[in-house]
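K.L.:
Sharing a structure with you now.
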């Protein structure tokens, strides 16, 4: 789950990390009010989940409350990479002496969290050569300690006994504390800036592990799913909209991708990715079928290889939707094998549907039918 | 021989009294798995399918020799359950549960390393040594004894490919599910090394998917292997930047692409099947069988 910059900065502030003076505004009037409180040159930043805000004109630098109002008016009417701007962050304009980079994320290959830092941060961090990027894994059994942070500071080439060095040692440790306490799979500050003697987080990017939502009660998030994707997520399913014409349901991420690959190899185009695996029951499966039919595809392809998913649950869900709708509006092909296969096929036969044994045969059939 | 588990493996089922666990306990017993104990805190003294249930893993270990455990508890309790089994000295822990927070996974995997234990998962279908022992949730009828080793991240896709192998007269030595999550216990290289040493295994099927760099790392080891490897990589048709279901399946910053993985594997001498049902023919070709 992602956060807007201002949400991330509010989280940083709670942990004592230095952030610029300012706050979020939803109207030009609020923006002017905040600018007046700051009492000097400001920055008005669009709050969208996109990394290209500056280049899109979504960041402005007003000098007075009046200018801030105008800047906010403009930015609040913008759409950046397809995302409408619904709020802005108004904060003090920083004198920037130097831009650095700092983040902690998960390295799946190493099975550890990893600290990534660079003395050369800012917009072009991805183009920096490897030798300017410091990567240091965090041993989960050892945890975070001051010596770890001191080594990061040394490798960034920043004097440890200066005001900046001491502050960064604190920031490194705090970032890991946030990761662990808030189950953050990414905490990023880019840029972290030197402004006189101060070190300030001029931006924030925070992503919380979706699987840890059950123990996160007090955090705000941004909805970044389409309504259909959200409906599927609420059923515990994984769904992604694509732009083809055959709606697809399969059970398991791998086989769902394999199903899309097979359809595409045979000349079909998938309308979506829908993984209804993991023992999804009859009712949720029926609702998932409704989500797919509501996409108004040209055909529906169901590919189930039951393990923890039971074929009779899927067949019953299929029958429920069939009966509730008085049949299906588009051609449907179902391949159904695995756990409780015979019971599932018997249920399908009762409504005149014969299941396929093999994915490749079923995939060819649905493509023929939608042509 | 088979790898990791065989007909002599004594198994404990963690969370055995739950709906999924009791259903799959029955299925595992039907496959021939030697389940000797179950554990659900607070349900000690009961029986599930004739298997005694204990309150703690330590108590089960006092009454039985336990070689491996399979965990079916909800995500919020998985870290505690996994650590309990590892702390009790069990050397193979299979974690079926999906949706485990990634920092919990990191802690489980780190502790297993310290204890010298194998962790399969989280989010794995489990492991089957053909005809000998099944731990986890795959449908029984497709897994038969033979000489093909299979290693995979993703469950149902594995059933698909194993089903095709079996339909083509190719049984399996062991089918290993590493788990679909970001931080899991084993890597492709760990499992490929075991297959390379295993007498029963004559060829290996590796089932990967887009995202991450585990397939590329595996390709480096495949160069040294004497046994043939056939791979399938899921996600050729996936658009970049979209997370397709589980953590493995996301391409970021041009890394972990289908093309990159296929090139690395092909250069290492592995054969890559473009579609799942094309795997058996490539295995037969590699083994010189018709």
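Glycine is no exception: its Cβ is also placed from the backbone N, Cα and C atoms.
Annotations for this protein, taken from TrEMBL, read as follows:
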BINDING   A:45, A:91, A:94, A:99  ATP binding site
BINDING   A:190, A:203  Mg(2+) binding site
BINDING   A:251, A:307, A:308, A:309  substrate binding site
DOMAIN    A:9-218  domain 'ATP-grasp'
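Show me how these features fit into the structure around them.
P.N.:
In this structure, residue A:99 (ATP binding site) is part of a beta strand by DSSP. Within 10 Å of the C-beta atom of residue A:99 (ATP binding site) sit 20 other C-beta atoms, taking all shown protein chains into account.
Within its own chain, residue A:190 (Mg(2+) binding site) has A:101, A:102, A:103, A:121, A:122, A:125, A:203, A:205 as residues 6 or more apart in sequence whose C-beta sits under 8 angstroms from its own.
In sequence order, A:277, A:278, A:279, A:339 are the residues of the chain that are 6 or more apart from residue A:308 (substrate binding site) and have a CB within less than 8 Å of its CB.
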K.L.:
To the nearest Å, how far is the Cα of residue A:251 (substrate binding site) from the Cα of residue A:45 (ATP binding site)?
P.N.:
42
K.L.:
Have a look around residue A:94 (ATP binding site) and count the other CB atoms within 10 A of its CB, chains all included.
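P.N.:
Result for residue A:94 (ATP binding site): 18 neighbouring Cβ atoms inside 10 Å.
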K.L.:
Run a quick check on A:45, A:91, A:99, A:203, A:307: which of these binding-site residues have any Cβ-Cβ distance to chain B under 8 Å?
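P.N.:
Near chain B: A:307.
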K.L.:
Taking the Cα atoms as reference points, how far is residue A:94 (ATP binding site) from residue A:307 (substrate binding site) in Å?
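P.N.:
Cα of residue A:94 (ATP binding site) to Cα of residue A:307 (substrate binding site) measures 57 Å after rounding.
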K.L.:
Find the shortest Cα-Cα separation between residue A:307 (substrate binding site) and the binding-site residues A:45, A:91, A:99, and name the residue that gives it.
P.N.:
A:45
K.L.:
Using only C-alpha positions, which one of A:45, A:91, A:99 is spatially nearest residue A:309 (substrate binding site)? These are the binding-site residues in the record.
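P.N.:
If we rank A:45, A:91, A:99 by Cα distance to residue A:309 (substrate binding site), first place goes to A:45.
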